[in-house]
Every structure is written in C-alpha cells, then in structure tokens.
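Colleague: Handing you this structure, nothing more for now.
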Amino acid sequence: MATTVTGVFREELRDAILRSKVLVVGAGGIGCEILKNLVMSGFADIEIIDLDTIDVSNLNRQFLFQKKHVGKSKASVARETALTFNPDVKVIHYHDSITSSEFGLSFFKRFTVVLNALDNRAARNHVNRMCLAADVPLIESGTAGYEGQVELIKKGLSQCYECTPKAAQKTYPGCTIRNTPSEPIHCIVWAKHLFNQLFGEEDPDQDVSPDTADPEATDVAAEGALQTEHNDKGNIDRVSTRVWAQSCDYDPEKLFAKLFHDDIKYLLSMDNLWKKRRAPMPLNWRELPDGVAGCSKEINQPGLKDQQRWSISKCGSIFADSLKNLSQALKVSQEKSLDNHLVWDKDDQHAMDFVAACANIRAHIFGIPQKSRFDIKSMAGNIIPAIATTNAIIAGMVVLHAFRVLENNLRACRSVYLRLKMNHRNQLLVPEKAVNPPNPQCYVCAPTPQAVLAVDTSNMTIKELEELVLKNRLNMIAPDVMIDGTGAVVISSEEGETESNNDKKLEELGIRDGAILKVDDFQQNYSLTVFVVYREKPGPKDDSPQFLILADKNALKPKDEEEEEKEEKASTSNGQNVTEISDTAKKRKNDSAETEIATKKRKVEIDNNTDNNDDICIIDNDDEPHDNLPKLKKSMPRKRKLSEDTDCLIVCDDHND
C-alpha cells in the first residue's frame, strides 16, 4: 500500500492517514472507487454504509461486484472485495440507511472525515446536517454522465449542501397525467401507474382513469358516460381496476378496449379540455396501425433493437404478451399470500415491456411522439447515464481532498468541477478560486437558523405542516414543534403524543400571522425558528404554490415598498454613508452584469459541447450531483426561484464573498 512505500507521502501525512478514521456513505459507482482508493492509499480504519443491494445493471461499472453477488448487500460485498486488495485494513460495513436513528451525533463524531457518495438528496441533506452538528469535515461528490463535482463542507468555513436552493424533483399534476398528457414522460408515468393498479401496490393517488375533478373539465361533461348502475341504497358501486381486470382474467382485448378506447371516448366528452388542444383518437384493438411515424416500415429503422420504435400493432402484441406473463407472476405470488404484489423494476423484461407498450399506445392516441424501449427505460427510471470513468475521476478527487483535510489544509479544498470539454484554459477539472463561504441566510448552517413560512393558516392542517413543510421541504426526520411564547407543543416526534392535532387547522391551535415556531429535530441535532406569515390559499386555477419557504421575510414585500425603504434609509443618512451605499449598489450592479454574461457564456458552451452519441450505453443512475457547474462567486441581488414542478417558492440571498 502507498503508506508502506517510502517517499510517496510526507511523514506527517502518512502518520495522519494511518491514524484517521473514515466514513464512506454509499457503495455505488463513486463509493466503490473511493473505497478502492482508500484501501490502496493505506487508510487503516474505514467504515462504509449502504442500504442498497447489487443489481445486474450495476455490474458494468461498479467493479467491486460480480454476477454472483447480485441481490447481496453492496456494503458487505464492497468490504469483502476491498480486503482482497489489502487484508491488513480494518473495514466495517453497515447494510442500513444513514438516516436511521442508530447513526446519531455520537456516531459521526467518531470520524476524522466523512466522504459522501450518495444518489439522493434527502440522505445528502441528512449527512450534511449531522456533519455540521458533529463539526466533522464532509467531502461531498456527485456525477451526471460525463460531468461531476467535489466540494468540502466544513462548519464555519465553507457553504453547506443546503446553502444554495436545489431544483425540486420533477412532479406532474394528476389531472395532466390522467386527462391531458402532452409529453412522452406523461404517458410513461401513466403507464407505470397502470402497472401498479393492475399488479403492484395500489395507490389511490395513482388512478389512471379519467379525472372528473379536473377544474378544466366542463361541469356537465359526459352525462351519458356518467350513467352508472346504482345499488339498492342509491350509491354507485365502484370497482378497482385490479378487481375488474381479474374478473375478466386479464383479457388483453377487454383491457385494451377499456384503457385505450372507452376511457378515451369518455375524455372526449369533457368538451372544455379540447377547445385549445388536439383531441385524442380512440383505438380499436382489431385495427391497430402497422407503421411507425417517420418510417415506412418498422424494420427500416436504424439502430439496435431496443433503440427502435415499435409500431402500434407491435405495441398491442407486446401489451398482450406482457399482460399474460405479469398476471401469471402475480397469481403465483398471491398463492403464497394474498397480500403479495409485484414491484416494477426497469430490469424486469415483462414489466419494462408492459410500460413501454402502454406508454407508446397512449402517446399515439394523444398525438405525442413515441419513444424507443431504450428511451422509455431511461425516462421511467429517472436515469442519468452513469460513466465509469467519471466516477473514477471524481473518486480520485475525493481522496485528494481527504489528504488535504488530514493535513489541516482546508482552504486548499476548493470545489472542483469535471466538465465534458476543456475550457478556455484547457482544463477538464475546473477548480474554484477559493473555498465558497457559508451563506449567512442559510436556514441550516447560519448561526441562528431562521426561515419564513408564508401559508394560509386557516387552511393548512398540522399534518400537512409536518409532512409537506418540515419533512418534505425542510428535510427533517423527526421534528418537534412548539409555539414560542405559549410553550404549546403541536407536533411531537414521540409516537401518538400529538396525533389528535393532525387534522386541526393551524389557526385552531393558535398558529396565525406573526406566530413563531420553535422546531427541533433531535435526530439531526438541528434547530430552526420559523416565522409564520399569512398568505391566502391560491385558487383552483392559480398555479402558485400552496405555501412559500423564505430565507428572508423582507422578500415578501413588494418591490416598490423595498425601494421606498432604501430611499428613506438613504435620506436619513449622512453624506458619507450615502456615498458608501451608492458605491456598494454600483459594485453589485457591475457584479450582476458580469455574472449574467458568464452564465450566458457557460450555457452556450455546454449546449455546444453536449454529446448525445455515447459509445457506452449505461442505463442506471448512480450519483446525482447537486450542481454540475462552477458556482459563480459574484454578489447577486436577492432573487425568487420558482420551479414549475415544485409546490413551493424559495426566496434567498446568494452569499457575498
């Protein structure tokens, strides 16, 4: 190992490596490379944790695993393989979630440095908060295709993972999925929901039938279609999709007729939906077209088999075959227990065929471009292609950062970004000029973390406050909430203690405009003060979010009011202060202009350099980077960030150097 070879490391660094205790979080694409680098470098005490198991699709780049390991714990197998490189190293593995209460503050305090190799934001947020609380250096990393990044997170020195808002995960309104799809992904999501309705764990929120509650639909739509038999008490008997499918023995023709003919005709009766849209065209099972859009015949398409688009006729045939195989698999599973169900897996041939066929049939009905099975597999799994070389480069940078941490040279741990093409300085690895300082407005790492919740307090329930705001948007695990001033506990992490509050509105418990909430998550050792501001609930046709999370309550003020305050402040100041304000404003304006130019230049560069013809077809997502590009260090004015796909608006002040 490197530490045993004289001259590889300075003596001080070699001793630090041998004394250090390292935690690796994640044993996937980057995690395997990091573990190999640590073992070969001579680190003597390593612990690794990962809840995931090995999948066939991991084998083409996660080289610590082999075919015989499929289905086994990633952390366990990674440890076994790493020990073959260096039997003298101590490696402890955990097949568990890092967010488990077992891995609390005392657990993190045992380590010299923590190395993150995760693939989801919730876990990254949790490790970020635990390392801040334990005051342990964290080296964060991620890759996306040919790009990636590495950065140091150290309390008081650098910005944390949550200092800059991240784009929310893409979500789609239920009425769009069920009634008015306009993109291939809408049809793919619908097809995955259909799989769960027929074979998987049923979820009422994933209903695939037409949505009669769509606010766009006419009030008198489909009176004829709504004729439904009533029972003796006058109530409508509703039968689940699965029960109906089982009653007809999963007959492909009957299922096809319901899904792609009858339901489509029902949608057509909702007149308002098609006033400004192309109306869908119902399909007949016995009259499916043989052609493929853009090709006279299916066999004339270039490319590999999975990269060819199927004709609708072939989609129908695959729909029938996959339906037969999946229904048989469900029957076998339920012979063991009636509670058993199938789980959709992109690597299950029949499950993938079913989703691909259904998605393309629905796309054809709504005039949406069809996709190949390969494309649908990538989109259905929310996949960014993973490149083995990218993982190796980023893992190498992670360990180099770890060396600097052990040397106590933290300011040399500048964020590094791997780019697809060289920049104007012929660099593929582009470092920041300095360590990015913490954002003083960050609601996680600021000295006194604060946030503003703008919400309709007469409409939101306590349960929604806990699930949507605290756990989903603020990434807490087990929050406790107390009203400041009264001491009333409205949410408790102790099971059942405040369950009676769940359905009560915020106002019913005294949470109104101006209320202050003290929120604690003892599992994360994290405290936050939340200022509540009343905001009227958006109407049914209003696209604005249900609530806003703000880092600065002044961001709620109208722009003209902010300008008046600035003018008033300037007029009451002496001449020297006025000059200083003017210079600052001038500098901020110049910096913003430079930032805008740099951003535009970078965007053009990336667009021109994008390579869509990868030689390696990898169809699995390893490690999600939270920021692929160098962060601009220029001072920027407060800006509102509203994602089309999120249920909240985050308003923040970007940090100033």
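The backbone N, Cα and C atoms fix where each Cβ goes, glycine too.
Not my notes, these are from TrEMBL:
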BINDING   26-31, D50, 58-61, K74, 97-98, 119-124  ATP binding site
BINDING   C160, C163, C442, C445  Zn(2+) binding site
COMPBIAS  631-641  compositional bias 'Basic residues'
DOMAIN    453-537  domain 'Ubiquitin/SUMO-activating enzyme ubiquitin-like'
REGION    555-644  region 'Disordered'
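Structural setting of the listed features?
Modeller: Helix, strand and coil residue tallies for the domain 'Ubiquitin/SUMO-activating enzyme ubiquitin-like' (453-537), in that order: 18 helix, 27 strand, 40 coil [DSSP].
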Colleague: Quick check: which same-chain residues outside C160, C163, C442, C445 lie with their CB within 8 A of the centre of the Zn(2+) site CB atoms?
Modeller: L132, Q159, Y161, E162, P438, N439, V444, A446
Colleague: Out of the binding-site residues G26, D50, N60, S97, give me the one sitting nearest to C160 (Zn(2+) binding site) by CA distance.
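Modeller: Considering only the listed binding-site residues, the nearest one is G26.
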Colleague: Let me check the 10 A CB neighbour count of S97 (ATP binding site). How many other CB atoms are there?
Modeller: 15
Colleague: What residues, ordered by sequence, lie under 8 A Cβ-to-Cβ from C445 (Zn(2+) binding site) and sit at least six positions away in the same chain?
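Modeller: Counting only residues 6 or more apart in sequence, the Cβ neighbours of C445 (Zn(2+) binding site) under 8 Å are L132, K155, Q159, C160, E162, C163, P438, N439.
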Colleague: Between G29 (ATP binding site) and C442 (Zn(2+) binding site), how many Å separate their Cα atoms?
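Modeller: Between the Cα atoms of G29 (ATP binding site) and C442 (Zn(2+) binding site), the distance comes to 30 Å.
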Colleague: Taking the Cβ of A123 (ATP binding site) as the reference point, list residues of the same chain whose Cβ is under 8 angstroms away and which are at least six residues distant in sequence.
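Modeller: Listed in sequence order: V25, S97, I98, T99.
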Colleague: I'm checking region-level scores; what's the whole-number mean pLDDT for the domain 'Ubiquitin/SUMO-activating enzyme ubiquitin-like' (453-537)?
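Modeller: In the predicted model, the domain 'Ubiquitin/SUMO-activating enzyme ubiquitin-like' (453-537) has a mean pLDDT of 91.
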Colleague: Measure from the Cβ of C442 (Zn(2+) binding site) and count the other Cβ atoms within 10 Å, all protein chains considered.
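Modeller: For C442 (Zn(2+) binding site), the 10 Å Cβ neighbour count is 22.
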Colleague: If you count other CB atoms within 10 A of each CB, which of G26, G29 wins among these binding-site residues?
Modeller: G26
